[in-house]
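A quick write-up on the structure given underneath.
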Amino acid sequence: MSSGGLLLLLGLLTLCAELTPVSSRKRHPDCDKPPDTKICQTVVRAFYYKPSAKRCVQFRYGGCNGNGNHFKSDHLCRCECLEYS
């Protein structure tokens, strides 16, 4: 990916939290699902939202496409799963 593409991605990620009104943000339903730790392909570091801890936690994702509660970064996890209401 070019440096311009990376800057655009960073800008979009930053806007994720900034443009959504705090009072209307709801956690995505997939964020309540447990992490899928089955191994199907290469194991990579990922993050999932842990509702009991109210935070994102690192885990080993095996590439099985399990559910929507797996993210490439802690930032993306927090952006999608933290609830502001």
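Along the chain as shown, the residues are counted starting at 1.
Quick reminder: no glycine exception, Cβ is built from N, Cα and C everywhere.
Because the structure is a prediction, the values reported are computed rather than measured.
As recorded in Swiss-Prot, the features of this protein are as follows:
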| type | residues | note |
| --- | --- | --- |
| DISULFID | CYS31-CYS81 | disulfide bond |
| DISULFID | CYS40-CYS64 | disulfide bond |
| DISULFID | CYS56-CYS77 | disulfide bond |
| DOMAIN | 31-81 | domain 'BPTI/Kunitz inhibitor' |
| SIGNAL | 1-24 | signal peptide |
If you count the C-beta atoms lying within 10 Å of each candidate's C-beta, which of the disulfide-bonded residues CYS31, CYS56, CYS64 ends up with the smallest number? CYS64
Work through the disulfide-bonded residues one by one (CYS40, CYS64, CYS77) and name whichever has its CA nearest to the CA of CYS31 (disulfide bond). CYS77
Measuring Cα to Cα, tell me the gap between CYS40 (disulfide bond) and CYS77 (disulfide bond) in whole angstrom. 22
Where CYS81 (disulfide bond) falls in three-state DSSP terms: helix
Mean per-residue pLDDT in the domain 'BPTI/Kunitz inhibitor' (31-81) works out to 91
